[in-house]
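*Asks:* The domain 'Acyl-CoA dehydrogenase/oxidase N-terminal' annotation in TrEMBL covers B:11-115. If you look up TrEMBL, you'll see B:122-216 marked as domain 'Acyl-CoA oxidase/dehydrogenase middle'. Sequence annotations record features per position, and here TrEMBL assigns domain 'Acyl-CoA dehydrogenase/oxidase C-terminal' to B:228-371.
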């Protein structure tokens, strides 16, 4: 057993963090819901994402990628969550992985890797799983995307305007008529490959939630150190300390679950990896909301306003929790499993 | 990143499984701390494990240990639980404290007996007036030539009734306040002036005792480390006790969970959809705990970090108490009516947030020492 990031992965984490912070800083959070930027990245931001190789690294080499591990990709996703990056990196990475799993032609995957073609993943109307048909389905993390592909048909669908969504850092858009893109020739993957795709997706969402809750906790700790009441920093009061300590426990447990889920996608058969990822996503979903709620609580009154960032993380926690299935969904699947397989 | 066994770990696991196949049956039933017979059977199990080479895995080979990384303790506990075996002896925290601080002479004299399970040890920390405020303890060990003379009282001492030795935290430096005045001693429990009185736990377990020391003579050579170093050693020890390796928690919870799921699957226990979902939630918790403990053990690399141990204990407690709530609810009326097993197990789960430092104390440690929040 060897359960930490390698020196290379830690260096990658740092470089991802730098760019993620920079991308987040270019995004205007506004003074209220009426006045924030849409999550669509500007050309300059998007070209920095493309130049960083984030869209390419996870794809196999023959498809224009670097064949990075899922552990590497979750390192990236955690930093994107930490800085609440609005650019639709996860959406693009998941859409590309889905098409790679469906054996899309290398030329198309290369276009995705180079950011020339911008796709978003299509989910069912409940945002739980990748969509099997275009009707009522929704593209997630779709800011600036040209289309979403339904693999069963190979048809790329144009996307409508963003729907109202609790999280201003990500766009959800309905699938419309076939876009101008030519139909894509795809071949359905086997059961294990589909399970692996599910595990891949849940692992990335788990890592995004991990970053989100870590950021909220860090900000709450900072606030508790500096905000004074009764002549002392509120972080010196036991009631506040205990709330933050519980938050730290949940963050570290989620980190362990996230590492395990990501490792499992790289190392275990698809069905086992999917189970590990369900466990991680279920735990991360409820923990992220709990930690972000605690952070809002520690911020007090200002946490309830657009003057503080706390609500942004709480929003991202709730939407990250919902997308690809919340804890109730995954625990429901686990409850129906034969317990001998646990 | 690798959560799987490396070849050496896999080989160890396979050997352990083979040993359990051959030897577990004679030890499977009747262990515990409810009666003199069950205690004797428990100690016999510990000696059998030690003879087979499964005690003191992460302790130095020179003193009867096996010099293996901490993850092996995790593998041991996991396999014991999976096989339905009684737990391993809870001595890792004591053994590490002695191994990391005692003189060569003392280590050579006492560790082989501890790790061979030829001698049973207890830990003398808490006192009637010093629970969460451990540094306020008042038991004294007064230096007197080549010996210390111990006077005072310890309480909640697990296993004291049948222990041969006690690792005792006592005040040796009367002029120094609180933490600074403490030292750690190895006390022979058969010494004149040591008196134990049993304390029965709410769950019915009879492993607790209070221990009285009345002019007990302890050789100066039994001092662990240096005078005044007691607090540091105690914190080192608590880090192990709170951490995941030594107590076999995860495996035990995994077994409780597996039994509950089996009861539901076979219909022996009727569970509606709500209860089944709560059981699945508990299953998620236990699995996350398992990977968290694996990460802690793999990352510990021989040392121990007190505050990280507190994180692990907080998580374990949360997971355990939630699991037992679900198990209680699954039991329905038989939780309170009929044989006391499920209720006793539930009561014992409530102790998890008290012993080894209460949940509230652990949170303070995490807040102040990990998160760097200011002290009041």
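The first residue you see is number 1, and the count goes up from there.
For all residues, glycine too, the Cβ spot is worked out from N, Cα and C.
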*Asks:* Express the predicted model's confidence over the domain 'Acyl-CoA dehydrogenase/oxidase C-terminal' (B:228-371) as a mean pLDDT, rounded to an integer.
*Replies:* 88
*Asks:* With helix taken as DSSP H, G or I, strand as E or B and everything else coil, how many residues of the domain 'Acyl-CoA oxidase/dehydrogenase middle' (B:122-216) land in each class?
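*Replies:* Secondary-structure composition of the domain 'Acyl-CoA oxidase/dehydrogenase middle' (B:122-216): 10 helix, 47 strand, 38 coil.
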*Asks:* Using DSSP, how many residues in the domain 'Acyl-CoA dehydrogenase/oxidase N-terminal' (B:11-115) fall into helix, strand and coil?
*Replies:* 69 helix, 0 strand, 36 coil
